[in-house]
């Protein structure tokens, strides 16, 4: 008789992870619920919902009659996620801590805790995503040695597991999983909600006494900020660096700000005394000035070229067609739930890529992740380190005057005018 499979499910205190645990129980697995505490609310005077979330996760386990564990990754989160968050903002970039958290905390720390401490055969989360493995295939996976060197040997990991988009395309969360490095973790992960819609998940919760999580507002934004003012929060950790708001059209000074790193491209600039809204289109890291333009559709907000850091490829590193041709057509997005944009990737020798979008996109920003897709498959992602000239710059013929948008320590393989080396 085959032993009952043990699945350790990450519980956030929300409806998605609660229903994920419920569905695992229905499949006959031995399920253990684990709540991860990643931020110490005692560090701040602001509001943090971690304690309430933990209580809700514990109550889920009581309703489902499964064991409950709580584990603290406060130190790891600070070192690997929050410190990176601050460093990126200090460089004037716009980081995505959710992507970094999944990479370092959920699919590294939590995965190893579940396997090594709780004896899990597999882990599960409430993410809306799928893999190329069925449940039984997940349980048949053996430990794979961590790859060495710049790229994984494509013959070392046969039939690598693929990360696939969820049935609910609007709720799909492969974007946030695009930096999960460990094939070992991914091939031993179950996503019970991958084939379901959010509305159906809510229906399941309502029919199974999970009303306390069903009624909660969906968590948005960063857990460590809560309801606090973002600018005030950031200035608790970073020194103010006052500068000017300058019109991109005539170089007129329109106002002052407390730090160029507080703004991301596409964001509305809060400039007192102006009737119409102005939007951030450039940042000068040397002088500390923020360039702004009127109208939300100003051409200075649109670009069709960017360069990433070395891309993390999930299943095939890098894809064979990209290695062979040095170019590859696919789609990308740099914000969750934005429409996929057709693009062409150009591979550099150091594993970075140039991304040329078929059409200019609004509000590209360094520090964000460009996440690549081919059909239903999420191929991986790379951090945006450099932007090409805006449509406004090209219209004025000022390509050479483009404001630097990355740290000098991150110099890319430059082509003329920031064009990819084709």
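Numbers run from 1 along the shown chain.
Placed from the backbone N, Cα and C atoms, the Cβ positions cover glycine too.
In Swiss-Prot, the ATP site is described by 10, 11, 12, 13, 14, 15, 16, 17, 36, and among 92, 119, 126 the residue recorded at this site is 126.
If you measure from the Cα atom of residue 14 (ATP binding site) to that of residue 127 (site 'Interaction with tRNA'), you get 11 Å. Residue 10 (ATP binding site) has a Cβ environment of 25 other Cβ atoms inside 10 Å. Its Cβ taken as reference, residue 268 (site 'Interaction with tRNA') is surrounded by 12 other Cβ atoms within 10 Å in the chains shown. Nearest neighbour of residue 16 (ATP binding site) by Cα distance, taken over the recorded positions 101, 127, 268, 368: 127.
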